[in-house]
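Enquirer: Sharing the feature lines straight out of TrEMBL:
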SIGNAL    1-19  signal peptide
DISULFID  Cys104-Cys136  disulfide bond
BINDING   Tyr108, Lys110, Tyr127, Asp134, Asp316  alpha-D-glucoside binding site
REGION    203-263  region 'Disordered'
COMPBIAS  206-217  compositional bias 'Basic and acidic residues'
COMPBIAS  225-250  compositional bias 'Basic and acidic residues'
REGION    349-404  region 'Disordered'
Amino acid sequence: MNRLSYSLLILAIVATVYSTDYFVEKFEDESYKSRWVKSAAKSDLGDFKLSHGKFYGDAKKDLGLQTSEDARFYAISSKFDEFSNEGKTLVIQFTVKHEQKIDCGGGYVKVYPSDTNQNEITGDSPYHIMFGPDICGYDKKKVHVIFTYKGKNLLTKKDIKCKDDEFTHLYTLILNSDNTYEVRIDGEKVESGKLEEDWDFTVPKRIPDPNAKKPSDWVDEEKIDDSTDTKPEDWEKPEHIPDPEAKKPEDWDDEIDGTWEPPMIDNPEYKGVWKARQIDNPAYKGPWVHPEIDNPDYVEDNNLYLYKDLGIIGFDLWQVKSGTIFDNIIITDSVKRAEDFGNETWGKTKDAEKKMKDTQDEAERKKEEEDRKKREAEEKAKKSNDEDGESDSEKSTHVHDDEL
């Protein structure tokens, strides 16, 4: 091992050793019920159950919290020691598996203030961060990243696409103390940037100069008509002409029906409206750009990322078709620790999960093929029996005729 590789290894070990896990949940057995509280705010909230689903990579490691009732709201949460992410990186990570081919429903988590009443959580309960996939129909398949700032829930201006298949996927939100962020799916970066630019935390830093106006002599037409281009003499042809093949009906009576006129048809010689050839405009100055000035109402906030009382994580969502499985949740202050955790959990079972699903699909395909062949054989046998019956009936008729 060379010196550089050794140094990187040491740094990685140090980063992991000195990281802090604020919350970890793997739903390994029924003991999760002592850590998670179902909201009692509504009597018809859906129930979660422990399940690895219909297909999985490891029967124990893939156990997770699964929605179990269709067309229900769900609200369940778990408390952890209150902390602030001041001056630190905040990483929220979990897995989602929509094995039911979800048509409309949420797959996101919410992180709440530490003083939130878990028994009263509803969709109206204030939260700090909402993160994860949300699917409804063919046009809404996005990853929500919502931050609460001064009492307002701010949605990202970016369109972050989520996964919409039946497999387990790893969702990671990284919130940095320099007011930058990153979103990953299955360990791959899908979006990143600055909080100030991708959310409306504050008014714009720069605004169009209200005193600036486009000069009256500004030419922004890139092309103009060629003044030397003239319309051909034979251009003018009518768009429609009488059908030359049409004939006056024999029973047409001009006195009763009026003067007969042949129907009109498209003129094959019609060339459309003539337009002069376009050439570059020598006076073209390009598009006029409105000058900008500093926004006098802008106030810089270096703490857009900051939450001082993080203390509860939960699932508050609606699902039309149940079956989603949530698992492998971690809240930490280390990207490396989150990566390692993802590799130890989702990373070790995802391939085996897909293999089991492929095996099941192949078995189902073979069964459908066998059933199809069986039905065809039964229909063929029935048809043959019906034909034999008809033949016997005809023979019987012939016998009676002979006897007569």
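Cβ atoms are placed via backbone N, Cα and C, with glycine included.
Where the annotation comes from TrEMBL, it is an automatic prediction and has not been curated.
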Enquirer: List the other residues in this chain whose Cβ sits within 8 Å of the Cβ centroid of the alpha-D-glucoside site residues Tyr108, Lys110, Tyr127, Asp134, Asp316, in sequence order.
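Expert: Residues close to the alpha-D-glucoside site, other than Tyr108, Lys110, Tyr127, Asp134, Asp316: Gly106, Val109, Met130, Phe131, Gly132, His144, Ile146, Gly314, Phe315, Leu317.
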Enquirer: Spatially, which candidate from the binding-site residues Tyr108, Lys110, Tyr127, Asp316 is nearest to Cys136 (disulfide bond), comparing Cα atoms?
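Expert: Spatially nearest to Cys136 (disulfide bond) by Cα position is Tyr108.
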Enquirer: Calculate the distance in Å between the alpha carbons (Cα) of Lys110 (alpha-D-glucoside binding site) and Cys104 (disulfide bond), and round it to a whole number.
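Expert: Spelling it out, the Cα of Lys110 (alpha-D-glucoside binding site) and the Cα of Cys104 (disulfide bond) are 18 Å apart.
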Enquirer: Would you mind reading off the Cα separation of Cys104 (disulfide bond) from Asp134 (alpha-D-glucoside binding site), to the nearest angstrom?
Expert: 8
Enquirer: Report the largest Cα to Cα distance, in Å and rounded to a whole number, among the residues Tyr108, Lys110, Tyr127, Asp134, Asp316 that the record lists as binding alpha-D-glucoside.
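Expert: It comes out at 17 Å between the most distant Cα atoms.
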Enquirer: Please list residues from the chain of Asp134 (alpha-D-glucoside binding site) whose Cβ is under 8 angstroms from its Cβ, counting only those at least six apart in sequence.
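Expert: Those within reach of Asp134 (alpha-D-glucoside binding site), by Cβ under 8 Å and sequence separation of 6 or more, are Gly105, Gly106, Gly107, Tyr108, Lys140, Lys141, Lys142, Val143, His144, Cys162.
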Enquirer: So how many of the residues in the region 'Disordered' (203-263) end up helix, strand or coil by DSSP?
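Expert: Counts, helix then strand then coil: 4 helix, 9 strand, 48 coil.
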